Every structure is written in structure tokens, then in C-alpha cells.
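Asker: Just passing along the structure, written as C-alpha cells.
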Amino acid sequence: MGFKETIQFIRDKFDTKDFINLHAPIFKGNERKYVLDTLDSTFVSSVGSYVNLSEKMIAEISQAKRAVAVVNGTAGLQIALQLVGVQRGDEVITQALTFVATANAIHYNGAFPVFLDVDYDTMGLSPSAVSDFLEEFGERRDSGTFNKKTGRRISACMPMHTFGFPVNLDDLLKVCKKWNIPVVEDAAESLGSFYKGKHSGSFGRIGVFSFNGNKIVTSGGGGMIVTSEEDLGNLGKHLTTTAKVTHSYEYVHDQIGYNFRMPNLNAALVCAQLEQLESFLASKRQLANEYADFFESQTITFRKELENTQANYWLMSVELENLQERNAFLKVTNDSKIMTRPIWQLMYRLPMYQRCFRDGQRNAEFLEERIVNIPSSVRS
Ligand SMILES: *Cc1c(COP(=O)(O)O)cnc(C)c1O
């Protein structure tokens, strides 16, 4: 098999005989300086200039009007769903092929995930699957769109841009608009990804990014809610900061909020990382091009960005011919100290989501058996 050549190729690209990570952060910009700044100023916690600066930087990058820094992407998704009106007992449409946080954020709101299929090419939520589902089960009423089989309100649709490949947003937004269902983009993986020249996360009413340690930029842990609706942004800030009302000395809180704000210490790190986003993207694109050229001559297919999109190539992926090939590839590469990982198990395989509604999942199950992530770090 060509795996030997592949292993050699990856080793050459990362120029090491040691273990090669799937995605390791690098801190060669102002990270040290800014983090030390927070210590020197004593503003390490929930207020501080880096929190504000990180929000400003993300608002600019993502082309959204408002950004709210939060403690992690999962918390951001949870609040985003609440902001668009998801309530206990509702249903939220999403994909089964995703990281568990997407489904968990729905569950934290007391809502039920509806797992629909992905498109083969984007690996993200399929507009036709959403349309099919709504045509069969959807019913428009005064108070929203309902699932006529379960009687529950369908109060949001949350697509996820898998590995930084934007979903088919034109078609998805069209379907959701027709059924008057708000879109929240799980853009945790897609900072730096564009669809028809517009940044991911800025299409839905809300988008959410993650700055976890393995993402394209990191704050150690953290996330960002973005929206172009000023009132949603304000309410998002309010809810994630214990719903505290400004007062010169009294503790006044006007509803049940959350302590979901990002500490200044973490914000300092991500500000320094965001300064380097362009160079990170360029480095990844270079590596993706080299992988693409190499895999042309292999039995393994490199997954390339799609027409009309610009992917951030956060985690790069290959498609193996079948499950056996996939397993053989995972074993050989990991045995050779090259970290590779299969795409996630579909959400309905997990014990807590086994009984959720799902459709046929033809593409999701095909991809589940074949997609593997390969080393994708920014090279210094
Ligand atoms: C990373 C990730 C999240 C969650 O982000 P955290 O900051 O780790 O909480 C959510 N959804 C997807 C698809 C992710 O990859």
C-alpha cells in the first residue's frame, strides 16, 4: 500500500523524526508579552482591556457588528440558542456528523436535537435533508414552525462548518427562511473560512467560534459569539456576565445569567494569536496545496475546499476507500508516531443521543467510515 510513502511525505513536511501532532498551537508572536501584561496590570480576570480588544478584533475579522467573548465555544453555543429563543421542550435541527459539543449545547437548553444528514462535499448540514424533513414534518403556526408528529416547536437550525469547510449556506438559509427558523452557525472550527467572500459565522443570526487549544487560534480555552443584531449582542453580553445591571455599588441582577465570560488572561493570548491569523491561514493553505499535489498519485483522496468557498484548512482530511482501509491507515500512521484521527462517531451512536430523531444519514455514514484527519499544524 501507499501508506509508507504517505508516512514519509508527512515526516518530510514536518521535518522531524519525533511524534507529529494533529494540531499543535504555536506562540511566536506577542503571546508572552500580552499575557505578562495582564499579570503586571493585575487584570487577569473578567474585566480587562484584552477582553474588549479580542471582541473588537473578532467583530472585524468575522464581519459581524458585535462579538461577545465567552469562556468556551460550547458555552457560546448554549447562549446563542437561548438568544434566538430556543426553549425547554423545543427541537433544534443539526447534523449527526459533528463534535459532541453541538448536540450538548442543544441539550443544555432542554431542547431535543434532530439529527439530519450532511452533504457529501461539504461534510456539513445538507439543505436538502433539512428541506425534506420540514416538508414531511413541519407545520407553520402563529407561534412558529412545529413538528406535527411530536408536537414540538422547531426553534433553531444549527449547521456546523466541518473542519472549516463552509456548508452550502445559500440553500440552507433559503430553506430556513421559508420555514422561518433562525440559524445559529456552529463556526467553532471555521475562523478564517469564507463562503462567497463572506466570513463564516456571519450568515446566521448568530455564529460561535472556539479558541480551544486545538483550534486555529487559541486562548487556552475560550470562544466568541458574533451577531450583527445589536440587541442580541447586548443581551448575549448581559446573560454571559451574570445578568448584572450597572450600579455604582449595589449587586443588581435582573434575571438568571451565567458566569460565562472569558478571563482577560485568556483574551490576552488570543489577541496575540489573532494578530497572526493571516500568516496561520497562509501556512495551512501552503500545506494543503502540498498534500493535494502529493495525494493526486495515491489511492487516498485529499479533501479540497469547494468552489465559492475559502476554507481555513483547520484540520485537513483524507478520504480512504472503505472502513478497512481507514482502519489500516489509522493503525499504521499512529504506530509510526504520526497522529491521525477518524472523523467523529455520529451523534446517535452515543448512549445519550441514541433515541433522538434522525433521517437516513447516507452521506454521514459514508463519511464516518472513510474520513481521517492528518497532521495540520501551522509550520513555523
Ligand atoms: C471545538 C468545538 C466546539 C466547542 O468548543 P469549545 O471551545 O471546546 O467548548 C463546538 N463545536 C465544534 C464543532 C467544535 O469543533
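Residue numbering: from 1, along the chain as shown.
Glycine is no exception: its Cβ is also placed from the backbone N, Cα and C atoms.
It should be emphasised that the depicted structure is a prediction, and the values quoted were computed from it without experimental measurement.
TrEMBL lists these features:
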- Lys215: active site, proton acceptor (ACT_SITE)
- Lys215: N6-(pyridoxal phosphate)lysine (MOD_RES)
Asker: Mind giving me a neighbour count for Lys215 (active site, proton acceptor)? Other Cβ atoms within 10 Å of its Cβ, every protein chain shown.
Answerer: 25
Asker: Tell me the coarse DSSP state (helix, strand, coil) of Lys215 (active site, proton acceptor).
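Answerer: DSSP assigns Lys215 (active site, proton acceptor) to coil.
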